[in-house]
Amino acid sequence: MLKTLFLLPVETQIFYSVLVFSWTVYLWEAYLSCRQRKIYRTTIHVPEELGKIMDPDTFEKSRLYQLDKSNFSFWSGLYSEIEGTLILLLGGIPFLWHFAGSVTARFGFGPDYEIIQSLVFLTLATLFGAVTGLPWSLYSTFVIEEKHGFNQQVLVTIYADYIAPLFDKFTPLPEGELKTAIEDMAKSISFPLTKLYVVEGSKRSSHSNAYFYGFFKNKRIVLFDTLLEDYSPLNSAGEPQSDTQSETESDPEESSSETKQKSKKQGCNNAEILAVLGHELGHWKLGHTVKNIVISQMNSFLCFSLFAVLIGRTELFVAFGFTQSQPTLIGLMIIFQFIFSPYNELLSFCLTVLSRRFEFQADAFARGMGKASELYSALIKLNMDNLGFPVADWLFSMWHYSHPPLLERLRALGNVKQD
């Protein structure tokens, strides 16, 4: 078969090589996902390291959540691969390009107006992607996320996912013990903190997060309200009733069960928040952010240098149905999306390995600040709040996880005594 392939014209070789590589990557990732789904199905007991910390109910919820997501990912991934293959085989890209040309021609813009035609092409491609992807997005948000208690949205997906974050309410962290402790910790490592904000992430999702941003000596830290145990609106909704009301209206057995559930607060206490921020500040102190920027810039320089070499190769355009013209936008798509795909896969894996290394280093930095115990408990809490599954297949996690699995991070932190 390979001998026959090499006898074909070079543009045909390019086309089928792209298809074969695409399906090879898909089948490889499907195999990895199958290994991980087996973990989700068979690991039904809490790991020994978490036995005294993670209760069986939370573990089971996490297992079922990840299993649902994995099953959904399989079908959506299969659909995406089949759709992409059909688009290539049926000449969808040149068809859409010529259709965009016919649209611009109606307004008096001929083939010489390539930029306008490119803008129309991008608009049509985006609309096509939005329409075909909408059912999958709706199912993910309003079936899977809703089923497992993460979706906080209104029924306007586009607004909630893309527009609302632009108008998230950022409020200064109130004066108090936590703010003072964060400022003192920042000063201890010469982090140029200028602002501390809390963002109302709970309006869209109950997932927790924290990050910092800013250039040079103007850094800001942002905490999601869902990360703060004493600040999260999700906790206030679960506050117990008054003693009198409980005695008169609640069955004792039922009340005990409900109280147990309500006592599980969302987020971390102040000491744990400081440990999480110690980890994030470790990324800054150890230069991880700068290193990632340098790698990104070097990669962009390399890719655009190769693009300048390849853009003049007619056979690349002919391979994808462009026999009469060589539009720059189409050249970008062919080279970056298809021709560079083996390089992109290799780079992605290398960056994943590097990211995991950075995460271990940032954990070690927080431990060096004397916050190992607090980070240990914070990682477990955040894992439970986000229904993360603590057990992962080694090959799946090596290929996909930019952050090490929970158990690996806990082992790296050492045998820290927990309450």
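Cβ atoms are placed via backbone N, Cα and C, with glycine included.
Please treat TrEMBL annotations as automatic predictions, because they have not gone through curation.
TrEMBL has this to say about the protein:
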DOMAIN    37-153  domain 'CAAX prenyl protease 1 N-terminal'
DOMAIN    172-414  domain 'Peptidase M48'
BINDING   His279, His283, Glu359  Zn(2+) binding site
ACT_SITE  Glu280  active site
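Counted within 10 Å of its Cβ, the other Cβ atoms near Glu359 (Zn(2+) binding site) come to 21, all protein chains included.
Taken residue by residue, the domain 'CAAX prenyl protease 1 N-terminal' (37-153) breaks down under DSSP into 92 helix, 1 strand, 24 coil. Residues His279, His283, Glu359 make up the record's Zn(2+) site, and a Cβ search at 8 Å around their centroid adds Glu280, Gly282, His288, Phe358, Gln361, Ala362, Asp363, Phe365, Ala366 from the same chain. Computed over the domain 'CAAX prenyl protease 1 N-terminal' (37-153), the whole-number mean pLDDT of the model equals 90. For His283 (Zn(2+) binding site), the count of additional Cβ atoms within 10 Å of its Cβ stands at 20 [all protein chains shown]. A simple Cβ count within 10 Å picks out one of the recorded positions His279, Glu280 as the most packed, and that one is His279.
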